């Protein structure tokens, strides 16, 4: 009788394929199945919406988001006026470089200029009722970007003067470049690739039309049907409307991310031959809230790190205090960009941003790996619709409840 050969053994030390220790490639088929099921379920919802409501997208309504009167463009005029603040910054830097004014005087001019940049458009949007909420948000967004850019312009030129390196004044290139951090010399690409430029332009047109279609066809009916449950404080129906709103809201957020951070910013970068194209990193793999905020919006993250977070550390502030200050500033600008165009102050965006601090601590402390990533995605999918519903409800109560026509439409 021959002895049993080890080569005939059918067992070895190994984990089950669906265990956490298994290789990621073992999940590929399941992930593809999830994608197919997601597409099919959303296709069903789209067809159901179309059969129930018909086609709701109206070009006139789209235009009315931006303009109340097609012959009056107040938001665009407000953006054009912002050129005055650029000229003030340029004039101040020239005087500082020549030694015509002292650093203290220059700092006072900058403080005044930057304060007016935030206050002037806010007052105009609040007082000029012909500016629509979307037009107001666009104008305030432009002024906020200009505020961050000119703050960086001030800091970098001051650093250069300290090192006796006051040189170039390429401020207008910097104003239009897809970055918030000023430098004397930016990395430049060799040439403009027309094929790349046209692809990005096509994406910009295609995806913004998708966003508008989802808003009018999908989100508006859900929001209209949510007003009564919100007024009656019917929590079960409110939860159902929130979950229904979460899908289109998240789709819009994802599409807008790609439209803005990839298509639009790469289009501008290619047009200006701006070389640094790192506008985002792999935030979708975030296992902590902190990693997400550090990687989904690289231009803002670089600005905060360079002009806010590190200066606070150099002045003796602790890391926790400095991080909290960054979140506080971010919360302020989120609220500024939402409350002012809507002409009401409810602090929902501010509180939503500040809630990221304890959430970041909780996820980093108690959740790891896939669980942390799931928590990040859950906060994105559920957190934003809650804020949207709160603002829509308050806007309805503040502006529409007394108007029978609008109230009946909602």
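If you go along the chain as it appears here, the first residue is 1 and each next one adds 1.
Note that Cβ sites are derived from N, Cα and C of the backbone, with glycine treated the same way.
Predicted automatically and left uncurated, TrEMBL annotations should be read as such.
Quick caveat, the model's predicted, so the values are computed rather than measured.
Among the features that TrEMBL reports, transmembrane segment is placed at 71-93, 105-125, 131-151, 171-186, 206-223, 243-261, 345-368, 374-392. As annotated by TrEMBL, active site applies to 334.
Sequence-distant contacts of the transmembrane segment (243-261), counting only residues of its own chain at least 6 positions beyond either end whose CB sits under 8 Å from a CB of the stretch, comprise 42, 45, 203-204, 207-208, 210-211, 214-215, 218-219, 222-223, 226, 279-280, 296-297, 380-382, 384-385, 388-389. For the residue listed as 'active site', the same-chain residues that are 6 or more apart in sequence and have a Cβ closer than 8 Å to its Cβ are 349, 350, 352, 353.
Counted as Cβ pairs under 8 Å, contacts with the transmembrane segment (131-151) are highest for 71-93 among 71-93, 171-186, 206-223, 345-368, 374-392. Tertiary neighbourhood of the transmembrane segment (345-368): same-chain residues 287-290, 293, 323-324, 327-328, 330-332, 334-335, 337-339, 375-376, 379, 383, 386-387, 390-391, 394, selected by CB-CB distance under 8 Å and a gap of 6+ residues from either end.
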